[in-house]
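Below: the structure, in structure tokens.
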């Protein structure tokens, strides 16, 4: 019944198996990928008819993680997979980027690739398997897919490169890099790094590139046995058509490209296609040429003009040389109510960035195949239509926005303080207010400025730059800080972010059939110099984090308690913790390890909540003195609430140093009296005395001391800061079972 074909290779100690002919046989291409206990089904479907006139390849990649793959039922009300998660969107883009450039340039048939994770093994990189499976499925389909792509993941642990590290290993790795390519060229790189040098990054790419070559071999073997006939493709346009358009309109196109302003240049260029189509109207009516052929030839001429200026004259359309960076302007503290804000402008690209602090309760909950976890740092990239002067409605975040936001997140994340050093959750929102190339790297720069102004103790300022490439044969030019047109007509978009000491994020996309390591080396070094220049401009405005938080930021304190006391703070059905929050106005978060984080809008609210918590968890010592409240009076004595929710009993003989007839003659419910703990009965209930209690020293152990280190950066505007909100770290301070391990106060 099945004509199954299987190819396998031992890769990094595990067997990678590709098979076709058993599942999804009606799809143009279908491959089952297996490694360890991971199983993916990757399919490719190609429409029979071309979709002419759209000007781009209508390729759609959908990566799906099925909950059953990890033995889970989807959470939420609807128990089925719904809208793609950010993780699924990011992997879909990861698959798309090395594959898209390898189709025939004239191919415009709608193409859908679906990669579904059917069984999940955390010991295997399913995103890498998805790229491999998608490439294999396309190689079997009729699509004119010109090269075969494979990919690998690279980590750096203890100075050694690790191929396809597990999730557990990635937690200790200095590098998380994905590289994809063909048998002779690199097509795509994406990474997060902990301040690695350009040399280390290049070596990591080489290591990954060499590692996936055996995978390309088995994909080729599978395609040789199972592929379908490829669609025959024609040239995009006749060569004679291009020559005729050049003869008539090249001067006008050159004049338009000589305009340095993006808006004016675009306006003039947009007028030309109508003139060209009008000139060829009779040829269009006679079906000698199609509109699409004419527009394609015109775009090719525009590309030639831009590229020749760069390669032959070392001159770009805005007048810069290949290494020049556009003019930079930085401003901080624009938004008075935000916890931190910055405006970063580079040429005609601009990003308005804000920073907001929250509690651990505000952290992003992520439900994945690995299980549920929280993200403390969130970065949202927004690209509104007005940034490029387009009249379009605002929509939900696009795949592009999700991808750009994650790239900026990778650039910033390695330099953030850990939760012990800085207890807040952090949300950064970067809105692109103008765009003419490299808006994601403007987001990185603006985020660094906003975080420092907000007072986040980042390790070092971070800047990002986008590099471009124009390549004709062996002749090439690497461009620093590319414009939108240079991205569109160029051959590469190579984004590099990092500090003055090293790289934190890298992303490379290629539009040609790949680049070699010589070009990558030149691009990395040129990016380093550009990054240092940008950092120099940023440092003129702010070079280190402020020592004080915004007056609008919440106050926070963290204490450590005995884990057995957690239930006492929470109370039955959450009654106690709810009462503390309602009466104090604070927010409280309790971790399983006994870490209690308290957040409030001001110092007084924080103190009320903290005192209530300490009163609950404190273990009183015999001989301590407390201010107690009489809760019930009996003939034999009185019950007194002496600390937190703890009550003790004062026998009638311990009420006074003198003889009394009745307890009620001395004590009434609600009275505040000093009591001394003198012991516990055989049931563990406290025995108290009022006699001579005021002659002994009072207890002060319920309030651990806090060491506060007050510092202030006088260079910042006084009116934007509250001098009482200081960063303060204290050493361990014991108070019996209540032990303050890291108390940080940012008080009003």
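From the backbone N, Cα and C atoms, a Cβ is placed for every residue, glycine too.
In sequence order, 466, 467, 468, 482, 487, 507, 508, 509 are the residues near residue 493 (Mg(2+) binding site), counting only same-chain partners six or more apart with C-beta under 8 A. Sequence annotations record features per position, and here Swiss-Prot assigns Mg(2+) binding site to 487, 493.
On the 0 to 100 pLDDT scale, the domain 'KH' (554-613) averages 89 in this prediction. The domain 'KH' annotation in Swiss-Prot covers 554-613.
The domain 'S1 motif' annotation in Swiss-Prot covers 623-691 and rests on sequence analysis.
Annotated region 'Disordered' per Swiss-Prot: 691-748, in sequence order.
According to Swiss-Prot, the compositional bias 'Low complexity' annotation covers 699-712.
According to Swiss-Prot, the feature compositional bias 'Basic and acidic residues' maps to 713-722.
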Q: Tell me the Cβ neighbour count for residue 487 (Mg(2+) binding site), meaning other Cβ atoms within 10 Å of its Cβ, over all protein chains shown.
A: 18
**Q.** Assigned conformation of residue 493 (Mg(2+) binding site) - DSSP reduced to three states
**A.** strand
Q | DSSP-derived structure type at residue 487 (Mg(2+) binding site), helix or strand or else coil | A | helix
